[in-house]
Ligand SMILES: Nc1c(NC[C@H](O)[C@H](O)[C@H](O)CO)[nH]c(=O)[nH]c1=O
Ligand SMILES: CC(=O)[C@@H](O)COP(=O)(O)O
């Protein structure tokens, strides 16, 4: 069974807790194990995954966080750059599922974070597990 690292940007704690619950449940349902590390914001998530991947301790990763649009261009930077860097890790063969929500308001985030509704944490964990299988299929 595989060992995953859930890397969470602890910017909106109550929403993250739901996303992590969904991710953990999806991983543990099939017998995988997971640990969680917290970083301040979404911009810190990809670098943390890159360092953890180098350690060789983890088979896959789930990126968790919530980015809610504010008044300035900062939203585009945080949402776009975190996704871009996570995609770069994926292209390097790291099995990462992106569960960082990028939303207009908290109501949108709640529906997506709730494991009983859109369950985006669980969805990201499923993506990470699938990428791990793909890597096992093709090597790397
Ligand atoms: N505004 C949000 C942030 N911003 C913080 C950055 O991610 C970063 O921690 C800071 O710029 C220091 O490098 N992060 C989120 O996860 N969500 C937001 O809505
Ligand atoms: C990610 C954001 O846009 C937000 O948290 C920052 O808000 P603001 O643009 O109002 O500073």
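Glycine is no exception: its Cβ is also placed from the backbone N, Cα and C atoms.
Predicted automatically and left uncurated, TrEMBL annotations should be read as such.
Around the Cβ of residue 98 (5-amino-6-(D-ribitylamino)uracil binding site), the same chain contributes 63, 83, 86, 87, 124, 127, each under 8 angstroms and 6 or more positions distant in sequence. Annotated 5-amino-6-(D-ribitylamino)uracil binding site per TrEMBL: 11, 42, 43, 44, 66, 67, 68, 98, in sequence order.
Taken from TrEMBL, the feature (2S)-2-hydroxy-3-oxobutyl phosphate binding site applies to 71, 72, 112. In the three-state DSSP scheme, residue 71 ((2S)-2-hydroxy-3-oxobutyl phosphate binding site) falls into the coil class. Around residue 71 ((2S)-2-hydroxy-3-oxobutyl phosphate binding site), there are no C-beta neighbours below 8 angstroms that are at least 6 residues distant in the chain.
Around residue 74 (active site, proton donor), no same-chain residue six or more apart in sequence has its CB under 8 Å from its CB. Taken from TrEMBL, the feature active site, proton donor covers 74.
Note on proximity: of the binding-site residues 42, 43, 67, the one nearest residue 112 ((2S)-2-hydroxy-3-oxobutyl phosphate binding site) is 67, by Cα distance. Fewest Cβ neighbours within 10 Å among the binding-site residues 66, 68: this applies to 68. Within the set of recorded positions 44, 66, 67, 71, 72, 74, 67, 71, 72, 74 have a CB atom less than 6 Å from some atom of ligand 2.
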